[in-house]
Amino acid sequence: MNKRLLLAEKAFTIISLIHYSGGPLVLILTGGASEGDGSTGGSDFALIQLVFLVIYFINFCLLILRWKKVIQLVTKDISVWLLLGVAAFSFFWSYDPTITKSRVIALFGTILFSLYLASRYSLKEQLELLGWTFGIIIVTSFLLGIALPNYGKMEGVHWGKWRGIYSHKNVLGKVMTPSAIVFLLLAMKAQAKSWIFWGGLSSSVLLIILSKSSSALLNIIILISALLLFQILKWRSDFMLTALLGILSISIILYTLVTTNAATITALFGKDLTLSGRTNFWPLILDKIAQQPWLGYGFGAFWKGFDGPSDYIWHASSFKAPNSHNGYLDLCLELGLVGLSIYLIGYFISLQKALFYVRAVKTYDGFFPALFLVYIVLANLTESTLIIQNNFFLVIQFAIFFSISLPQKEPRKFTPEKYHKIKQIPII
């Protein structure tokens, strides 16, 4: 293929990923507004939807061009399509069928972009593309924070906290967490000019500090600990077993210390035992789940303020929450225990494959799938980014689901026996 076309395709991918991450159009269209937890009032987001439609169209054309690879990929993770099917059929029991229909279409478009990433790029190439994506986000975020602080920094409730190219500081924190891990892996594998990647890591952490996103900072610490833990998977079996037993013992001690000093530890990160009030309304959410436990209220149809099922929660808690601040609760609200079960089965199968991949691949980029899947769990304990249409984290997560079952193009010390172990892991 012509080099210019290849370059244009990579540019399309990077621009699309930035748009899926939520920046910078939302910030521009709201005029840099800082309204509480990110409410943007009556801003017109038609341009954002138009950009997504263009991405869907170009993406569909690119999938057609490599239809054989796409067909091969489609069957690699049935859980994704089962989840999409439940979301689509939820139209029939949805509280708001119109919203459900439009959001299912957007979810389908998002999944197709994940399919494109997996069919077009190896996991190594995906990591490198994310490096470019995060690098552009970092540079533009610093430019906005310094040159246009009314856009790059928040006012009002969160005055002075950096948000970069995003509408809220927490979004910047959520994006910079995987950014730090991506640059750490790229720096550890780089043989030349590794200082660029160390600079990317440092800049990611600095932006998290400037955003004062304590949960993002905590997540980075946990992910680096997970990286050290995953290193053990590359050891000989006898050493690995001894190390894992030692880690289990240390974990029990740490758990005891954390539970007995929970208030002090949460205070260090600017939180309290209610996780900034989240746990106060989670029991109310469980009440609503209990009313429609199996199939939920329809995809995207629960959180409609005083005009939907969320009315009970808004009145009872006096907190106008836009979501549950927990991805698993939101998925259960929308698609019930059926949807949550399908997702969890698919997730743990992919995580198992990702751990085999860590042991099989000798380079540091082999850690990326497992680390990102761990981050998905962490991010969705206090935020809701699990199954959302037009969402960066869903794109990367499902791209990993599809990719992890395929032989990768990058050179690696990968024996047939090791690949056979990954290939033979059952897929639902």
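Placed from the backbone N, Cα and C atoms, the Cβ positions cover glycine too.
Listed features, source TrEMBL:
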| type | residues | note |
| --- | --- | --- |
| DOMAIN | 204-344 | domain 'O-antigen ligase-related' |
| TRANSMEM | 12-33 | transmembrane segment |
| TRANSMEM | 45-66 | transmembrane segment |
| TRANSMEM | 78-95 | transmembrane segment |
| TRANSMEM | 101-118 | transmembrane segment |
| TRANSMEM | 130-151 | transmembrane segment |
| TRANSMEM | 171-188 | transmembrane segment |
| TRANSMEM | 195-210 | transmembrane segment |
| TRANSMEM | 216-233 | transmembrane segment |
| TRANSMEM | 245-269 | transmembrane segment |
| TRANSMEM | 328-351 | transmembrane segment |
| TRANSMEM | 363-381 | transmembrane segment |
| TRANSMEM | 387-406 | transmembrane segment |
| query | Of the listed stretches 78-95, 171-188, 195-210, 363-381, which one has the most C-beta pairs under 8 A with the transmembrane segment (328-351)? | reply | 78-95
| Surrounding residues of the transmembrane segment (78-95) on its own chain - C-beta under 8 Å, 6+ positions past either end | 101, 103-104, 107-108, 111, 114, 295-299, 301-302, 304, 308-309, 334-335, 338-339, 342-343, 345-347, 349, 387, 398, 401-402, 427-428
| remark: Among 45-66, 195-210, 216-233, 363-381, the stretch with the most Cβ pairs under 8 Å to the transmembrane segment (101-118) is 45-66
| field | Sequence-remote partners of the transmembrane segment (363-381) [C-beta within less than 8 Å, at least six residues beyond its ends] | value | 123-124, 126-127, 174, 177-178, 181-182, 185-186, 188-189, 219, 222-223, 226-227, 230, 326-328, 347, 350-351, 353-355, 357, 393, 396-397, 400, 403-404, 410, 412
| Outside the transmembrane segment (45-66), six or more residues from its ends: residues with CB under 8 Å to it | 9, 12, 16, 19, 25-26, 29, 106, 109, 112-113, 115-116, 119-120, 390
